[in-house]
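Some features that TrEMBL has for this protein:
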type: TRANSMEM; residues: 6-24; note: transmembrane segment
type: TRANSMEM; residues: 36-57; note: transmembrane segment
type: TRANSMEM; residues: 132-152; note: transmembrane segment
type: TRANSMEM; residues: 164-184; note: transmembrane segment
type: TRANSMEM; residues: 204-224; note: transmembrane segment
type: TRANSMEM; residues: 231-248; note: transmembrane segment
type: TRANSMEM; residues: 254-273; note: transmembrane segment
Amino acid sequence: MFLKYLSLGVLVFQTTSLVLTMRYSRTLQGDGPRYLASSAVVVAELMKIVACVLLVFKEHSYSVRALNSILRQEILQKPVETLKLAIPSGIYTLQNNLLYVALSNLDAATYQWPSDSAVSSEKEPASAGSQFVGVAAVLVACCSSGFAGVYFEKILKESKQSVWIRNIQLGMFGLVFGLFGMLAYDGERVREAGMFQGYSTVTWTVVALQALGGLVIAAVIKYADNILKGFATSLSIILSTLISYFLLQDFEPTSVFFLGAILVIMATFLYGYEGKSSPNPSRA
């Protein structure tokens, strides 16, 4: 029970931090080119694999021989089990790229300040198009995330393999899919300036948070379930929006937002509510 709610709390914190930091990184005006979202996804997958390998290494008393044996036995010698992770891995890779697309496009609307009507009127057409792309990216990411979460939960809970081994398998496919996507969409830019162009301290923070998210989500699905993971993500959206309103002052909440926030909070409490057991009729 403790691990269940601890993992949920860490997920809320990680998702909130990731969204705010990623949004800041995609709107930060630097001297050089902006970093490639496809490159950040690849580096995050690589970080996740390294972290999981180190955790497995720790679980086996820091024995290199034991590490090599367990990786060979659980990954290379079980190709069918490993291949099962290709489907959710591909979906998660798509979802991570869509998150960058959404935050890159939806942010255009937040910089239309009502006090400057001239600037707002000039940016309105582009912002409307960007907002449509951003919303579409969010919708596709949500639909794909639900399927991938349920699929991954089924694999985790029906398997005796360590959650870290499963994450290594997931990360391997994610790394391959991510590299393919980076070369397909940003191959020319990578050849010109390298895959680490535009990287800064903020970029590395985003990448680290995204890698941490993969580990935390796996822990939540393992110790809780995919529905609670969805609630945690929804709560983080509400939290990040409140931070945007009170601290960043770049969001004006509407009645629809408040209605959605209330529904999410009520659903969370109702799902976790355990009613009192009814009295024994024989003792009445």
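FYI, residue positions are counted from 1 along the chain as it appears here.
For all residues, glycine too, the Cβ spot is worked out from N, Cα and C.
Put simply, of 6-24, 36-57, 132-152, 204-224, the stretch with the most CB pairs closer than 8 A to the transmembrane segment (164-184) is 36-57. Sequence-distant contacts of the transmembrane segment (36-57) (same chain, at least 6 residues past either end, Cβ-Cβ under 8 Å): 26, 63-64, 67, 70-71, 93, 96-97, 100-101, 104, 162, 164-165, 167-168, 171-172, 174-175, 178-179, 181-182, 185-186, 189-190, 195-198, 203, 206-208, 210-211, 214-215. Counting only same-chain residues 6+ beyond the ends of the transmembrane segment (204-224), those with a CB under 8 A from a CB of the stretch are 3-4, 7-8, 10-11, 14-15, 17-18, 21-22, 25, 40-41, 43-45, 47-48, 51-52, 92, 96, 149, 152-153, 156-157, 163, 166-167, 170-171, 232.
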